[in-house]
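Undergrad: Have a look at this one.
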């Protein structure tokens, strides 16, 4: 096997690169901030308002299209609107000419994002979209471009220059496209009076959605998962039940499933320390907490978490009871965290 020594002296593939110093990076951020400020200071608010109102009044689907980096932005904005419950979609200008334009109808709006406004793929799409009867809107940054001459509405996004030293890489132009599109999306959200609950319903897998959708009954353990015992049971006979169900407690009930109290592994340690060998004769009912915190199955899961964390001291579980103090389940802090709350 050959030695690795000759390779140790090879120059790094990045040897020709200079290090980025803090001052250079700070100046770039400041420059980008100035470019964004130029956009905000010169944006035609009346034009933006008309655009927003047009989208709000759309009876069909709002389609977004673009090529390259503008295409990524258009796609992202369409996804933002969808998450707000607004009918929107991204239409690839290339795929549109190969069948996808069939999704377009006369009740739809097609928003075309392009920095230059002279993107060939979008210009080829325009007559086909017009033939479908869609309302066309161009969103561009260069004055007097080809798209503005063929669309029904035009929105100009003021751009002084790209942050790129050659004024070529689309980094500032895409930033203002994103800011513009997402700001309009939030304006539509407000105009449509979207509630927090409705927003959560569109994000059921996210933490916000779960906190507003999941109820205790959706995340609680029940039936055979419950660490149940009777108050007359000896503590030492219930150690397997205490430890095997992963709840850190025993739920003490009577013959009709009424909750009498709880006995935790902490109670076990305290009882053992105080009673010594006397613990072998003690029943769970003698040492259990007869006034535990409980919660309803119809309470929100996030409320269960708040109740566990409330004074005087936090707890790791809550028995779940229904009318007449009937035990039907248990919700644990570990279960809530595992559910993403």
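Every residue, even glycine, has its Cβ placed from backbone N, Cα and C.
Here TrEMBL flags 51-194 as domain 'SIS'. Among the features that TrEMBL reports, site 'Catalytically relevant' is placed at 69, 121, 162, 203. Positions annotated as domain 'CBS' by TrEMBL: 220-282, 288-341.
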Undergrad: If you run through the domain 'CBS' (288-341) with DSSP, how many residues end up as helix, strand and coil?
TA: 18 helix, 16 strand, 20 coil
Undergrad: Which chain-mates of residue 121 (site 'Catalytically relevant') that are at least 6 residues away have a CB under 8 A from its CB, listed by sequence?
TA: 67, 93, 94
Undergrad: Taking the Cβ of residue 69 (site 'Catalytically relevant') as the reference point, list residues of the same chain whose Cβ is under 8 angstroms away and which are at least six residues distant in sequence.
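TA: Listed in sequence order, they are 170, 173, 174.
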Undergrad: Could you put numbers on the helix, strand and coil content of the domain 'CBS' (220-282), residue by residue per DSSP?
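TA: Summed by class, the stretch gives 30 helix, 17 strand, 16 coil.
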Undergrad: As a quick check of your reading of DSSP, tell me how many residues in the domain 'SIS' (51-194) are helical, how many are strand and how many are coil.
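TA: DSSP composition of the domain 'SIS' (51-194): 67 helix, 23 strand, 54 coil.
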